[in-house]
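For reference, the structure is listed below as structure tokens.
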Amino acid sequence: MDKIKIALQYMMPKHLISRLVGKLAAAELGSITTAAIKWFIKQYKIDMSEAAQSEPEAYTTFNNFFTRALKPGIRPLFDDKDYIVHPVDGAISQCGPIKGDQIFQAKGHEYSSLALLGNQADDAKRFEDGDFATIYLAPKDYHRIHMPIKGTLSKMTYVPGDLFSVNPLTAENVPGLFARNERVVALFETEIGPMAMVLVGATIVASIETVWAGTVTPPAGKKVFTWDYPTEGPDVITLDKGDEMGRFKLGSTVVMLFAKDALDEFAKDVVPKAVTRMGQPFAKIED
């Protein structure tokens, strides 16, 4: 059965399906939208008591519901300068050292940081022998992405690609999954060195947004687009620890990369399959 599911993903028109779902998710359809939201809440057992707007009728589009804000204080920030925090609600897919430029995906599967970062060689070199973490956001999760540490944006890269599902089954069976799906790479300069936040698209993920650029929608095609940002002066973009940096419309995966010797150790509960909550301790940083 698993092989059939994977084979179907190779065959299905993933981009077309994602575009159609995206249009529906952005449409204001009144009672139809409300009914869809209620079904989704029941199907995925979503705890709406955490949402700033808990009533399904409060959302005019499915996208508004999916990117819903949480009540203030519902995700307290672990306020210890020696720790960086989880950027999202989700589950750890994998985490650990980057071996040279190789990142562990699942048993029998690795991929390179060079491929993940859109073949930006200078960027990839900064993360050789560093550390990584891959966090999967399930449909039930809160889908805004926050900063694990204060950082100044230096570069954004849009990498076109496929739109495979990014659930655990696909991660175990599709080689180089996170380096072949469509993605947005945000490179930050931090007190512990460079940090990459890679927002990976997936089937029916209508779009990826950042707080500085809005929805990232370059022209269709195979071209990689890059944007450089000043790290000094009046136009600098600096986000504090815990600030929102982006969001998914219909969920996916975040891959974080850190430079060699930036992290001392992961928090004790940061292990594969562990549930994450935004703002909780993720890793201790080097002194």
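Each residue, glycine too, has its Cβ placed from N, Cα and C.
These features come from Swiss-Prot:
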type	residues	note
MOD_RES	Ser252	pyruvic acid (Ser)
ACT_SITE	Ser252	active site, schiff-base intermediate with substrate
Reduced DSSP assignment, Ser252 (pyruvic acid (Ser)): coil
Other C-beta atoms that fall within 10 angstroms of the C-beta of Ser252 (pyruvic acid (Ser)): 28
